[in-house]
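Below is one structure, written out as structure tokens; the observations come after it.
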Amino acid sequence: REDLWVREGKILNPEKLFFDEKGSADVQVDCKGSIIAPGFIDVQINGGFGVDFSLATDDFKSGIDLVSQKILSHGVTSFCPTLVTSPPSVYHQILPQISVRNGGPHGAGILGAHLEGPFISREKKGAHPEHCLRTFEAGAFQDLLATYGSLDCVRIVTLAPEMERSSEVIRELTKRGICVSLGHSVANLSQAEEAVQHGATFITHLFNAMLPFHHRDPGIVGLLTSDKIPAGRRVFYGMISDGIHTNPAALRIAHRAHPKGLVLVTDAIAGMGLAPGRHTLGQQVVEIDGLNTYIAGTKTLSGSVATMDTCVRHFQEATGCSVEMALEAASLHPAQLLGIEHSKGTLNYDSDADFLMLNDSLYVQATYIAGQEVWRQDTSGM
């Protein structure tokens, strides 16, 4: 019901414009009753449209460009390309080719890589290839550096906190401003709490690839209501709200227990946006059957083919939460997790003008980055 003012890529406080500059708008856009919301931020996406971020190819850059272009239609304005457990040579080849960059007509912005593995639990490896898994040996942080090759463009590392020497690794990563996420893990609650006390702030796809909730030791899930979280700190948790990875009742339990920590992630794989059949996820072959994705020949779930806007709609439907809450789980919360909420994830004055126009059913009508329209729903055929 109000105006949104934008200038030079930022959301503008119009008061100054009216009273000091006596200015008016150069361009006016009639939003026709759309909802205007901050652009979505996907902190866990393994690929899409035939591109797999964990496959070292000569044209890796064009692959990442394709995905960043195509996800604009899902309302995603920035993302963390995610690599699943891979051999060191793959990290050494791929990570130098990922650079943090702003979004624009060319595609969604890249916030830095999310490295999921290889320092994770064998029992809870999920779709990660067992022969590439690693533990922390003496000189654990140096070992991690040698495995990845460089942390220059890394934003998030998912590891299993029950591993010996994980505490020093969590401290070192946190010191460098890298977000540590707990996942693919058999950690009990006290191990998870200790990891948070050392700086971990995120949980990778809650309920998936971790010990199930048990009343005497709720495991990582217990962090949602733990009283051992350091003062002033919030633990965030990712959820794949695709109707397959987590039962709607589990979504509701998590949301009611800790609504301000919920971050929607797609965990999308190369097969997102493609026809059913066989596709890759890093070193593995996966089969897509409807919205189900399995490691070929098994019933092991391996990522999703859901789009971010689908996850937002499913989350809102499953929990009955407010529209604002559903939109914040895909924008404000991931921005807070990454510490970029002063520039992304809100429509506050002086923040980046990355925003969406949605209809009342939360279907994306148009996507804007830095105040520029980068995608619009084609209505000519309707």
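From the backbone N, Cα and C atoms, a Cβ is placed for every residue, glycine too.
TrEMBL annotations: computationally assigned, not manually curated.
As recorded in TrEMBL:
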- 35-374: domain 'Amidohydrolase-related' (DOMAIN)
- E116, H184, H205: Zn(2+) binding site (BINDING)
- A127, N208, A209, R216, H245, L301, S302, G303: substrate binding site (BINDING)
- D267: active site, proton donor/acceptor (ACT_SITE)
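Straight-line distance linking the Cα atoms of H205 (Zn(2+) binding site) and R216 (substrate binding site), rounded to a whole number, equals 22 Å. Take the mean position of the Cβ atoms of E116, H184, H205, the recorded Zn(2+) site; other residues of that chain with a Cβ within 8 Å of it are Q44, G117, I120, G126, H128, T158, S181, G183, T204, N208, A209. Distance between Cα atoms for D267 (active site, proton donor/acceptor) and G303 (substrate binding site): 5 Å, as a whole number. When Cβ atoms from all protein chains are considered, those within 10 Å of E116 (Zn(2+) binding site) total 29, not counting its own. Of the listed binding-site residues N208, S302, the Cβ environment within 10 Å is emptiest of other Cβ atoms at N208. Looking only at other Cβ atoms within 10 Å, the busiest spot among the binding-site residues H184, H205, R216, H245 turns out to be H184. Here substrate is bound by A127, N208, A209, R216, H245, L301, S302, G303 per the record. The longest Cα to Cα distance in that group is 30 Å. Sequence-distant contacts of G303 (substrate binding site), defined by Cβ-Cβ distance under 8 angstroms and a gap of at least six in the same chain, are N46, A127, D267, A268, I269, L281, V286, T293. Comparing H184 (Zn(2+) binding site) with L301 (substrate binding site), their Cα atoms are 13 Å apart once rounded.
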